[in-house]
């Protein structure tokens with residue numbers, strides 16, 4: 001879970017004679033008793049969430065959105081809040097189990113102090129990932145079932161159901177690969193290509209347009225506004241998945257920065273989606289599809305960030321200002 005740490009795992013370590021160990025599970029009682037108390041800085045978390053989510057929630061309230069679509073967005077939002085609560089409740093429980101398996105690290109930012117000797121549980125992003133999947137799967141009842149489809153023009157047999165399943169399969173695959181990485185310490189040369197494998201279900205299920213929009217400054221020179229990439233589009237998206245995932249993961253050495261930047265980026269995506277829903281009839285449901293994925297993702301990521309919220313978040317201030325400055329664009 002925590003970032004900015006030195007990993008230490010020892011599955012074959014012999015228990016000290018003063019400890020008692022569970023013969024069935026190989027559990028060191030002292031490991032559980034001496035587990036670090038996971039605390040949440042509610043004030044910092046509330047300020048950060050309020051700062052990031054207020055623009056999105058304001059736009060969601062103010063912009064004209066079809067009634068059926070708004071209903072589904074709000075249901076998804078309510079389920080996301082429940083997902084946040086579930087993440088908060090389950091992370092302390094899961095931390096005891098990963099410590100039992102000696103999956104922990106030491107916070108190198110506190111090296112030399114007593115806090116630097118505290119075992120920090122790892123792999124707790126698995127909790128937020130599982131809670132996200134549960135919320136996303138349960139939400140299908142409110143959008144793809146016959147009696148709960150969001151509008152008459154969006155029936156449950158719509159092709160979006162296929163892409164929804166493909167998106168969940170890709171996310172589930174990536175959660176699994178992330179956990180494998182935590183357990184096996186996969187080298188970077190291998191880890192670099194894992195996201196492209198996880199993205200395969202979504203790429204293979206995609207049957208939409210393969211055009212990219214040419215930036216406006218280049219249009220007079222090139223003489224066209226869009227370029228059809230064909231099969232290269234899927235290759236491009238696979239490589240993009242590699243870039244985005246590893247650009248996040250490479251910052252795992254600083255407390256709160258890895259999951260914190262995903263929250264900021266995701267909130268920006270939410271704002272973009274809700275603005276486009278009210279502007280374009282053609283892409284309305286595509287952006288709604290994105291909202292259904294991003295809202296529970298932001299909620300469960302905030303639940304994980306709650307246990308990683310450190311003073312390093314002060315470095316987010318320039319990013320937050322840049323985020324607000326970029327909203328009109």
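Placement of Cβ uses the backbone N, Cα and C atoms for every residue, glycine included.
Curation plays no part in TrEMBL annotations; they are all automatic predictions.
Cross-referencing 20-44, 120-144 with TrEMBL places the feature transmembrane segment at 120-144. Nonlocal intrachain contacts for the transmembrane segment (232-252), taken as residues 6+ away from its ends with a CB within less than 8 angstroms of a stretch CB, comprise 3, 174, 191-196, 198-200, 203, 206, 210-212, 258, 261-262. Within its own chain, the transmembrane segment (192-212) has Cβ neighbours under 8 Å at 159, 162-163, 165-167, 169-171, 173-174, 177, 181, 186, 226-234, 237-239, 241-242, 244-246, counting only residues six or more beyond its boundaries.
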